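J.: In case it's useful when we look at the structure, here is the feature table from TrEMBL:
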- 28-56: transmembrane segment (TRANSMEM)
- 44-293: domain 'G-protein coupled receptors family 1 profile' (DOMAIN)
- 63-82: transmembrane segment (TRANSMEM)
- 102-123: transmembrane segment (TRANSMEM)
- 143-166: transmembrane segment (TRANSMEM)
- 201-228: transmembrane segment (TRANSMEM)
- 240-264: transmembrane segment (TRANSMEM)
- 276-295: transmembrane segment (TRANSMEM)
């Protein structure tokens with residue numbers, strides 16, 4: 001009988017997240033910086049949610065999807081940053097296998113949901129610019145709710161398939177993950193079983209929720225660009241661009257950091273460089289969301305001014 005090389009090895013029950021141990025001398029600086037970023041992310045996105053909820057003139061499809069995006073960013077960051085702060089300061093680097101799989105499940109599901117929400121928001125901008133007369137009829141409240149709910153449910157279901165496959169793998173050492181959170185690639189590298197099926201299915205599902213939405217976004221903005229070029233006046237151009245500039249900026253930031261993380265670093269790149277790229281989409285992108293929509297959006301400016309001045313119109 002042939003004995004598999006992993007049969008005599010002890011199955012591990014917890015992983016060790018190394019975090020930023022290679023630059024341990026910067027722990028205090030990193031802790032303060034990440035803590036400030038986390039506070040800004042949570043407070044900024046909560047502010048956007050409250051402004052939209054209590055400003056009735058913002059009760060439109062675009063801001064409904066923005067609320068979903070802001071809620072996602074809070075949850076997305078809270079899944080990673082608090083544990084990362086504990087790793088840096090308290091040295092609590094261990095995480096159970098179940099906890100690691102749970103962290104990756106929420107990370108993967110929320111990242112995929114953001115891709116679909118960005119695609120839905122681009123479709124909303126396409127209807128607003130290319131079919132302005134039919135826009136109020138096409139973008140009804142029930143439709144917007146179904147699009148948002150479908151984005152959440154679809155991504156959480158697809159990521160669950162990968163989690164089921166990962167949970168069936170055996171991890172028998174080493175148990176160190178050279179990262180600050182549980183990502184897919186470091187996890188499968190620690191398995192002592194054949195992982196080709198898990199990798200193929202994971203790559204197929206991740207491609208479906210990243211590449212397909214990106215193609216839809218590209219198609220939407222191609223149609224928007226054609227429609228804008230047909231507008232005779234420069235004022236019309238400016239108005240059309242202003243309705244989608246914030247969303248387009250978010251798309252560039254999100255997909256730019258995603259591409260930088262998974263395509264730019266090669267196998268020969270240092271793990272520290274990979275962690276740096278990972279920080280872009282786990283911290284910087286969620287922080288840019290409220291900044292972009294507050295600095296480049298007149299409706300948000302107006303709602304914020306009414307809130308600060310406590311005008312009655314804020315709730316009407």
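Cβ coordinates come from backbone N, Cα and C, glycine included.
I'd like to know what surrounds each of these features in this structure.
T.: Across the domain 'G-protein coupled receptors family 1 profile' (44-293), mean pLDDT in this model comes to 85.
Same-chain neighbours of the transmembrane segment (63-82): 34, 37-38, 41-42, 45-46, 48-49, 52-53, 103, 106-107, 110-111, 113-114, 117-118, 120-121, 124, 144, 147-148, 151-152, 180-181, 250, 282-283, 285-286, 289-290, 293, 299, counting only residues six or more beyond its ends whose CB sits under 8 Å from a CB of the stretch.
Tertiary neighbourhood of the transmembrane segment (102-123): same-chain residues 62, 65-66, 68-69, 72-73, 75-76, 79-80, 83, 95, 147-148, 150-152, 154-156, 158-160, 162-163, 166, 181-184, 187, 206, 209-210, 212-214, 216-217, 220-221, 244, 247, 250-251, 254, 281, selected by CB-CB distance under 8 Å and a gap of 6+ residues from either end.
Panel annotation: around the transmembrane segment (143-166), residues 61, 64-65, 68, 101, 104-105, 108-110, 112-113, 115-117, 120, 184, 187-188, 197-198, 201-202, 205, 208-209 of the same chain, lying at least six beyond its termini, place a Cβ under 8 Å from a Cβ of the stretch.
Residues 108, 112, 115-116, 118-119, 122-123, 125-126, 129-130, 154-155, 158-159, 161-162, 165, 184, 236-237, 240-241, 244, 248, 251, 255, 258 of the same chain lie 6+ residues outside the transmembrane segment (201-228) yet bring a C-beta within less than 8 angstroms of a C-beta in it.
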